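Here's what TrEMBL has on this protein:
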type     : residues         : note
ACT_SITE : A:ASP7           : active site
BINDING  : A:ASP7, A:ASP139 : Mg(2+) 1 binding site
ACT_SITE : A:GLU67          : active site
BINDING  : A:GLU67          : Mg(2+) 2 binding site
ACT_SITE : A:ASP139         : active site
2 protein chains.
Amino acid sequence: MRVLGIDPGSRHLGWGVLERVGTRVEHVAHGVIDVDLDGTFADRLVDIDDRLGEVIAAHAPSHAAVESIFFSKDAQSAAKLGHARGVVLLRLARASLQTFEYPPALVKRTVAGKGAADKRQVAMVVTAILRLGTPPRSDAADALAIALTHCNVVGFQAALAASAPARPRRRRANVP
Amino acid sequence: MRVLGIDPGSRHLGWGVLERVGTRVEHVAHGVIDVDLDGTFADRLVDIDDRLGEVIAAHAPSHAAVESIFFSKDAQSAAKLGHARGVVLLRLARASLQTFEYPPALVKRTVAGKGAADKRQVAMVVTAILRLGTPPRSDAADALAIALTHCNVVGFQAALAASAPARPRRRRANVP
């Protein structure tokens, strides 16, 4: 399983690719798409779409994970983020990637142990867990944290399925 | 000039195509894309993208006009609308359509004479101006109103340019 994590934004879009091999998680690549701010807003969306397409082509993920949208933002920020996120979800769907969404607090709790961890803590933990030489930029660190969350959730579910006792067969009612 | 007006939404997306011939505006077509709500949210975005692509292919517009985003909505609505609108702007840009944005109040004022006109008034005026047999559904009426606004703005600018007096040459200061 190769997971592409994405932290969407209309100016900077973080991405990170992890591979789950057995129960191990290995770092593949990460980066930040710094959107070209020269053109119109629509040009930015085209830029996001093109460059995310390149990331997908280069790293061939099998799954994707994106932060679920954060509704405490004001309407203007939510709308701008919505535009970028819409383009991201479209590109992932076009690439036939099964996409999972996780709330930001779950992502922080999964990697840093608490839902209120700040960006620096997330970056430090991601750097340590994935044994990265240098800490990634915060947008990429967030994307790696999202990918890591997906790997953990899948791992947890697999462990749960393996340890579950066989479900007892339902006893048939004794109809006289 | 053939204008595609769009009223974006994540459930219903209104569209209308008008042609400006000289100073006349003619109705070409209109409709509502009722998004398939069965799949995931990403599936809806794919549906919007596909079907808007079909509208563009069928009617070959040269320009597009979209309502600028309405920030008084709450963050959740703004984000949902943002996703749909992002996909719309991307599709229009991919089709190389020059896209113009107009605030809802300007659209209403242009077609119905006042910025606070309600949906029914807009639909009635659009039906009358474009001599439509039956009033379109409100999403399509809004889209036609947006296209009409663009035709009016372009017509107004053309009239202004034609009527502008030649700019007087600046008199050179009489240096002794």
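From the backbone N, Cα and C atoms, a Cβ is placed for every residue, glycine too.
Annotated features taken from TrEMBL, shown on the structure.
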residue	record	Cβ within 10 Å
A:ASP7	active site	24
A:GLU67	active site	23
A:ASP139	Mg(2+) 1 binding site	25
Roughly how many angstrom lie between the C-alpha atoms of A:ASP7 (active site) and A:ASP139 (Mg(2+) 1 binding site)?
6
Give the distance between the Cα atoms of A:GLU67 (active site) and A:ASP139 (Mg(2+) 1 binding site), rounded to the nearest whole Å.
12
